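As structure tokens, the structure follows; a few thoughts come after it.
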Amino acid sequence: MDTLTLLGRGFAELFQTQELIALFLGLMFGMLVSILPGLGLVMGVVLALPFTYSMELGPAIILLTAIYMSGTYAGCFTAILYRIPGEPMDVPLLWDGWGMTKRGEAAKALGWALVAALTGGLVSTIVMIGLAAPLKNLALSFGAPEYFAAVFFGLTTVVALAGNSLPNALISLCLGLLVSTVGIDATYGSERFTFGFTELMNGVPYVMVLVGMYGYGEILSKLSHSSSLKAIPKQDSFTTKFPTRAELWGLRATFARSTGLGTLLGLIPGAGATISSFVAYGVEKQYGKRGDKLGTGIPEGIVAPQIASTASVAGHMVPLMTLGLPGSGATAVILAAFLLKGVQPGPFLFQSEATTLVVYTIMASMFASVIGMCLLGFLWIPLVVRALLIPTGVLAAIIVMLTLVGAFADRNSLSDVWIVVVFGVLAWVLDRYKIPIAPMVLGAVLGPMAEDSYTRSMITFHGDWTIFFKQPLSGSLMGLALLSLAFPVMRNLFGRFSRAKAKPLNAT
Amino acid sequence: MPSRLLALAASVAAAWFLAPSASFADAYPSRPITFIVPWGPGGGADQVARMASKLMEPELKVSVPVVNMPGATGQTGHQKLLTSPSDGYTLEIMTADTFATLAQPNSRFKIEQFIPVAVLIQQRSGLFVNATGPIKTFEDITKGDKELRVAITGYNSPDDLSIKLLGKQGAKLQGIPFAEPGLRYASVIGGQSDIVYEQAGDVRSFLDGKQIKPILFFSDKPAAGFEDTPYSGKLGIDVKLSQFRMVVVRADTDPAIVKKLSEVLSKVAQSAEYKAYLAQQYAQPDSYVGSDQALPFIKGWLAEFTALMPKRQAAQ
């Protein structure tokens, strides 16, 4: 069956009670977490995961995907209207968004954000659905060296793009990789870092690392610099004013650039919505027509990051479903939801008709999510924004309870609850020392895949490490990985060089 | 770790309070029975446990909730059984893979720690190849003109030991471990491996889709559903390790309780619904082994498995 027919059937499947309820709840919940400062979309999917245990596969994934999608959008409201970034990805958007609000153009700013989210979401979803079939076929020719190279590329990208300090990002990544080695090694069965505890024999479940670091840890950080609002800052209206056709045409280059960038960054494991948002803003500053004016309150500064963060969702979902590679925190949780249902994402999702239908229902739900979140944002945002009034303490208590109960419910194990607490405290400590946590989490998620595919490559090719560079696909991925590692170093060197060159000029 | 000590203390206390007595066994079961599945939901062990639980409930007149506790080749869930009271209110489904770890020189578990109540399902393992690939028959493997890659679950598993024995037949086989079943199947369909060791029931969709085909079964008689495929017994190859899944309880459980459970499971095995499930899984129609025969059955399996292990390890 061709893609369009399948997608049509996916839509038919989507418009059923359970699926629609999951979609609606997901969108509302995603909006809620993304406007609350300190709670991000990753925490949203983490908190929702236990509720999917008793659901069927389709609605479960639709719920999480809807949270993921709307979580990239709703934060723009609080960023633009109140200068409160709901989560880090809204920070670039805030610079220009707040600038426009100060000039009394808040409605216009919201309009731009809406158009941007709509464009980014729809275009990238279309592109990714088109790519799903070829990627699925490519997945079958993915041997161990290719998997290793893809994962390696993902790990180097997150190191290169997360945070300002390369050493700090590397420290974080290595901590994550270290965590992933705990337990019985999958190939030879030797026990590593178990210290005799049966609980550690199966390793540290990466979902618990995610729940701990993004859920529990975020709450600790939030409490340590309390930011409870006494009242919502006064804002006359929530009206949205759409940009005119001429204005849209004027920004066509920004639209094209950021959509392409967001989709592309999504394909790379490691670059989540936040990184996409920052990179798109950076690229706009560098190459945009009015790049020098960015930050003063121009629409480009809203459009670029908003498009890229929403576009990255589809970019991440499709590699997850075709290759089984989770590229971001949110997709790692969605992978866990798949596995809990006994379904391994990968080319075999397309093996049986039932799971193929589920995949296309999920893709249809991504379209519906994009349109739905824009509609809901347009109509309901004044209501949702009131959630900012919930006292921090109450919110923190609810979230801590949900994370701990969720951790226990996963496999009825109290040791998982302790793992969540330990990693939550660790995340808080790392945060204090300005060490980014994204590389560590991704290291813990992708570490076992990296090790497994590396060992298998070595066994298959009798210990010949050059195999990673010899085969065309893995060779190009490894090349890209090395480039991405060299990028921050070069940027630093180049930066110093140009500063040094600029100095004498200033002196004169 | 205090919690573990606590659990131990609790189980000792519970064992003392609930010391087996005739009246207690008569009343059994009076509350829900926990059914531990030491593997994730959706897998083979989970499916058979849920099927058995559903069919046991009307017989026992209590609910039998399934609890998944995956990890460490099933050892996490097994540990849970051994630290629960031996009152018959905790059952576990144990698979051949977990059972095989008992043969390891430094195994943390012993066969004396549990009683097999019944073997519920037995499936023949076999070698499967890409249906359109160069390997057509088992003879193509034993020619030994080039090294062939076999996708297996892991080293020192029944998979690994079975294919090692084929080396004696002239085959040059290299086992490549894939813990993830999906990757194992993909490697054969995508061409990274030449052969995959598996049970037919687990790869049913690929067999139905004519993507892979069996070329040998490890069995002393033709495998159910694949009567035309050669089997090891027929070719004079001395390996017939099957995949099996059994219900176990703690060793010191009251014999009257074991008897009651065994009777119920025997009824389950005779039901039409269970028989249809076995056929769907390409399992042996005579899979069921009752409590009287289960211990000799698993001891025989373990002896065969141990005999296949490399001498250096087995001697330790």
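Cβ atoms are placed via backbone N, Cα and C, with glycine included.
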> Pick from A:200-217, A:416-433: which stretch is listed in TrEMBL under transmembrane segment?
Replying inline: A:200-217
>> Out of A:61-84, A:147-163, A:360-381, A:388-408, what stretch is closest in contact terms to the transmembrane segment (A:200-217), meaning most Cβ pairs under 8 angstroms?
In response: A:388-408
> Per the 3+ Cβ pairs under 8 Å rule, pairs at least 6 apart in sequence, do the transmembrane segment (A:109-135) and the transmembrane segment (A:360-381) touch?
Replying inline: yes
>> Can you tell me which parts of the same chain pack against the transmembrane segment (A:388-408), counting only residues 6+ beyond its ends and a CB-CB cutoff under 8 A?
In response: 35-36, 39, 43, 46-47, 49-50, 78, 82, 84, 208, 211-212, 215-216, 219, 222-223, 226-229, 231-232, 414, 416-417, 419-421, 424
>> When you look at the transmembrane segment (A:20-49) alongside the transmembrane segment (A:147-163), do they share 3+ Cβ pairs under 8 Å, ignoring any pair fewer than 6 residues apart in sequence?
In response: no
>> Need one number: mean pLDDT over the domain 'DUF112' (A:20-442).
In response: 82
> What residues in the same chain, six or more past the boundaries of the transmembrane segment (A:20-49), come closer than 8 Å to it by Cβ-Cβ distance?
Replying inline: 14, 55, 59-60, 62-75, 77-78, 84-90, 207, 210-211, 214-215, 218-219, 221-222, 227, 272-273, 328-330, 333-334, 336-337, 365, 368-369, 372-373, 376-377, 381, 384-385, 387-388, 390, 395, 399, 402-403, 406, 410
>> Counting only residues 6 or more past its boundaries, what in the same chain has a CB within less than 8 Å of a CB in the transmembrane segment (A:320-340)?
In response: 41-42, 45-46, 49, 52-53, 57, 60-61, 64-65, 67-68, 71, 132, 135-136, 138-139, 142, 147, 150-151, 154, 206-207, 210, 214, 266-273, 312, 346-347, 349, 359, 362, 410, 438, 441-442, 445-446, 449
